[in-house]
Structures are given as C-alpha cells and as structure tokens.
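Quick look at what TrEMBL annotates:
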- Arg25: site 'Transition state stabilizer' (SITE)
- Lys30: site 'Transition state stabilizer' (SITE)
- Arg161: site 'Positions MEP for the nucleophilic attack' (SITE)
- Lys217: site 'Positions MEP for the nucleophilic attack' (SITE)
Amino acid sequence: MFRKKDKSDSPFCSCVLVAAGTSSRMGGDKMTIKIAGRTVLERSIAALEGSGYIDEVVVVTQSGKIPLVASMARDFGFSKVKCVVEGGASRTESSYNGVCECSPKSELIAIHDAARPLVTGDIIERAVLAAAERGAAAPAIKVKDTVRQARGGRVLRTLERDELFLMQTPQVFRAELIRPALADAVRLGVQLTDDCAAVMLMDAEVFLVEGSEENLKLTTPADVYTAEAILEEREKR
C-alpha cells in the first residue's frame, strides 16, 4: 500500500473544498459561523492545510464571496490555497468547477464539504491512501438505527442495517477517474448528492474507509452546538 514518506514518493493530491451552498436550513451563512472562536470555513481550510496528504486546495464558493474568501486565505497564511472559484447551480456543478481548476499534475483529487470542519488528519490519510491504491475511496460510518423504506407514510420494508453506511467527505479519486465522471454528470444534467455517485455512474468501484461520528456535517443550528461540544472534548484528550 502507498505510504507517504516525503514529497518525492507521494502522488500529488489536490483538494476541492466545496463551500458554495445556500445554508437554507442553517438560517444563515454557515461558513461564517464561529465554532470555538474560528469560522467554519477557516477550520475546514486549516484541516486540509495541516494534512501532509493534501498538496493544494481549490475553494469553491458563491461569486459574491470570492474576494472575501481569497482575502481570508491570505490573512491566515493558508499557503496551499491555489485559488477561489465560483460554484455552480448544483453541488455537482460546483465540484466540477473546482476540479477544472486543479493542477494538471494532480494524480489524486479529493473533494470535501466545507460544512465538515472537524475532519481529522487520520480520516484524510485513510481516504487518500485507499484512493491511491484502489481508485476511489470515501469515509463512512455504519448506520446504527433501524431504517425502513416508506411511501405515503406506509412502511414498505425494513432495510438491512449491516449493509447501510452514512457517507462522509473527503471523497478521493484518481484524477483520470473523477474528471470525466463529473464532466459527464454535468453534461447530462444529473443531480447527485455526492461525488462518489458520479464515478459509480461510470461503473467504477468505490471503497469505504473508516469515518467518524465527529466528522459531522453542519446542517442545522443544533449541529453547531454538537461541534462545539466535540471540540471541547478534544481539548481534554
């Protein structure tokens, strides 16, 4: 298995940080919300900046926020931020816009939700190592609750819990796999909920690595309180 020892023996990995959502369920711009004194976007960039497995970062945001995000990256000395680009009308288009700006020398491309600011270096490492070896990988956690499929309020069936996983990010791919996959998805107008779905449309295999419940996606105000509690607990470790 690939192990990153130094720059000379490691695949060049770009990371597209998607921060172009509308934050409708948050009731405000989640990227500017502060968690333990740092904004969500700052924490997400810092996590990527601190990983030895990420070589450059392309931030995707709303057009009106590009100057602000670029200025923030400079002010905080985030040297891996290559550029800040405009997102698209959908998550898939935003990912594609970011991938198009990744370096031509990228061998791996990671795509991460900026709304997951508590991602750890271990999660990034596992996803990158697995993608380097197998082509496409993503962190995930097992479903713990009983899950049932229903329609119109009527239960249709109980799904096999042992086979269900909650997907997380960063999702990492070989560049030659994700570039055409996203291009095709955008061309066809396919609406996808994550980037693994794009390569799966090409019949490519995706492999799962261990995620973490702490790598939560901030969606509602309650998630912010949970994130603050997680950070407080990390300080005690």
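Any Cβ shown, glycine's included, is placed from N, Cα and C.
Feature map: TrEMBL annotations on the structure.
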{"residue": "Lys30", "record": "site 'Transition state stabilizer'", "CB count, 10 Å": "26"}
{"residue": "Arg161", "record": "site 'Positions MEP for the nucleophilic attack'", "CB count, 10 Å": "12"}
{"residue": "Lys217", "record": "site 'Positions MEP for the nucleophilic attack'", "CB count, 10 Å": "16"}
Where Arg161 (site 'Positions MEP for the nucleophilic attack') falls in three-state DSSP terms: helix
If I take the alpha carbons of Lys30 (site 'Transition state stabilizer') and Lys217 (site 'Positions MEP for the nucleophilic attack'), what is the distance between them in whole Å? 11
